[in-house]
Amino acid sequence: MCGIVGVVSTQPVNQLIYDALLLLQHRGQDAAGIVTQLGYKFFMHKAKGMVRDVFRTRNMRALPGNCGLGQVRYPTAGNAASEEEAQPFYVNAPFGVVLAHNGNLTNAHALRRELVQTDHRHINTESDSEVLLNVLAHELGRASRGAVLQVEEIFEAVRALHRRVRGSYALVALIAGHGMLVVRDPFGIRPLCIGRGPDGTVMAASESVALEGTGHRFERDVAPGEAIFVTLDGQIHARQCADDPRHHPCIFEFVYLARPDSVIDGISVYRARLNMGEALATRVISTVPPPDIDAVIPIPESSRPAAMEVARLIGRPYREGFVKNRYVGRTFIMPGQAVRKKSVRQKLNVIASEFAGRNVLLVDDSIVRGTTSREIVQMAREAGARKVYLASAAPPVRYPNVYGIDMPTQEELVAHGRSVEEVRQLIGCDALIYQDVEAMKRAVGALNPTLAGFEASCFDGDYITGDVTLETVAALNAPRSGAGDDDDSAAGTRLTLPNAQEV
Ligand SMILES: O=P(O)(O)OC[C@H]1O[C@H](OP(=O)(O)OP(=O)(O)O)[C@H](O)[C@@H]1O
Ligand SMILES: NC(=O)CC[C@H](N)C(=O)O
Ligand SMILES: [Mg+2]
């Protein structure tokens with residue numbers, strides 16, 4: 001998951017894109033970038049770091065123009081340490097195209113080979129997003145028949161792109177002098193929505209919070225397989241470009257990735273978390289008798305709605321027991337296990353009085369590597385808790401993810417190959433209660449019965465795009481295993497473009 005935004009306006013868009021990226025910061029903390037267009041020229045600045053650190057006043061001043069794109073990156077392909085893989089990406093032909101991507105391609109290796117050997121394109125990084133951009137550019141080139149691209153030709157190119165590309169891809173792209181292209185993959189795995197401002201500004205973004213927080217009205221989600229082209233004067237053209245679109249959004253968006261104030265594919269993320277809490281409460285009651293629980297305590301931040309609902313339904317008090325240092329980012333999306341582990345204690349501190357002599361039920365939204373829960377259970381015990389029970393609003397994460405969540409290997413997942421009892425022993429709690437997979441799907445699915453289903457491979461091992469099996473996942477993720485553990489690892493010797501560039 002990364003955060004992407006694209007804007008077409010009649011006013012300068014640099015500050016607007018910056019503000020939208022701040023609202024999407026929870027989706028990617030590693031790198032950030034903005035590209036704007038003035039006339040036929042693109043202006044770009046991108047670098048590693050959080051939005052506030054990447055853009056200084058001088059960088060913002062160097063981003064003129066009334067349309068542009070932005071991205072915050074959470075690396076899931078290529079090299080996490082590489083500055084060159086920050087997005088957006090640029091190619092000069094045809095016309096000049098820049099692109100920002102959220103997702104992960106499952107056939108990036110094969111596409112890379114094809115692009116180089118058959119299409120004679122040059123790929124300069126290990127990023128799958130650069131591969132995606134080159135497929136788009138190549139197909140735009142093939143579809144264009146005159147000096148100016150026609151909207152139908154753009155849709156023809158997207159149809160061809162859907163046939164070549166596998167995996168998850170929500171993208172925004174600018175075609176120089178033409179307008180903005182917005183595309184969602186045929187399964188709608190990663191979120192993407194579109195809206196308008198009072199002055200007619202059109203904005204597409206990963207989450208509705210980016211629209212609302214910048215004063216835009218959410219209009220709709222982009223449909224799976226759909227392409228939307230926004231001309232520079234704000235006219236919107238939309239077309240279904242996939243042969244067989246089926247709507248299976250990623251369920252982990254509702255568990256953890258998205259902000260609770262966003263609505264994705266008609267489902268309020270907050271309500272989804274409450275529903276997961278409701279389903280979890282039933283399992284808690286059948287495992288630990290509520291009178292044995294003195295307090296229900298969330299592990300901030302993402303588990304709060306679920307924990308509140310568990311407390312209400314089991315009839316025990318909801319208490320805050322951990323205070324989050326708001327200046328430390330989300331630990332799960334940090335690159336490298338060492339930094340993730342260190343950050344848990346930096347990020348969360350106990351309120352000792354809530355634990356001393358009590359039996360506590362800690363609730364988290366998910367347990368992935370077990371980094372958070374192991375530390376937290378220990379902290380609760382150090383603070384004097386008598387019994388420490390732990391409940392997870394999501395089922396055990398047992399399978400790697402290939403669609404844009406950085407869980408490349410089974411071995412790193414604490415629940416992989418272990419029974420619930422073995423996980424409990426490893427985490428060190430007195431009881432461990434997991435959500436059930438079907439109950440989770442029902443809890444979220446009840447909020448939009450029109451969906452075909454969910455992409456839930458990390459829970460059920462079912463890879464929705466059909467081109468990936470558990471056997472092929474390892475090969476697919478091989479370059480990512482351990483990625484980020486060594487922040488000094490360089491991308492090899494390759495052409496490095498300057499950061500602030502007029503491209
Ligand atoms: O088992 P793990 O590998 O530790 O991963 C799961 C934890 O990571 C996430 O928290 P994070 O700190 O990233 O963000 P949050 O503040 O939104 O909860 C998630 O909410 C869990 O607490
Ligand atoms: N999480 C994402 O969406 C990542 C996008 C892309 N695969 C990258 O690694 O940069
Ligand atoms: Mg958390």
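Don't overthink the numbers, they just go from 1 along the chain as shown.
A Cβ is built for glycine as well, from the same backbone N, Cα and C atoms used for every other residue.
Copied from TrEMBL, the annotated features are:
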DOMAIN    2-233  domain 'Glutamine amidotransferase type-2'
ACT_SITE  Cys2  active site, nucleophile
BINDING   Ser302, Asp364, Asp365  Mg(2+) binding site
REGION    479-503  region 'Disordered'
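Here the features listed in TrEMBL are placed on the structure.
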| residue | record | Cβ neighbours (10 Å) |
| --- | --- | --- |
| Cys2 | active site, nucleophile | 27 |
| Ser302 | Mg(2+) binding site | 23 |
| Asp364 | Mg(2+) binding site | 22 |
| Asp365 | Mg(2+) binding site | 28 |
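With a cut-off of under 6 Å between the Cβ and any atom of ligand 2, the recorded positions Cys2, Ser302, Asp364, Asp365 reduce to Cys2.
According to its DSSP assignment, Ser302 (Mg(2+) binding site) is coil. The secondary structure of Cys2 (active site, nucleophile), as reduced to three states from DSSP, is coil rather than helix or strand.
A distance of 17 Å separates the Cα atom of Ser302 (Mg(2+) binding site) from that of Cys2 (active site, nucleophile). Same-chain neighbours of the Mg(2+) site beyond Ser302, Asp364, Asp365, judged by a C-beta within 8 angstroms of the site's C-beta center, are, in sequence order, Val255, Tyr256, Pro298, Ile299, Glu301, Ser303, Ala306, Val363, Ser366, Ser392, Ala393, Ala394. Mapped onto three states, the DSSP output places Asp365 (Mg(2+) binding site) in coil.
Per-residue confidence over the domain 'Glutamine amidotransferase type-2' (2-233) averages 96 (mean pLDDT, predicted model). Among the recorded positions Cys2, Ser302, Asp364, Asp365, the residues whose Cβ lies under 6 Å from any atom of ligand 1 are, in sequence order, Ser302, Asp364, Asp365.
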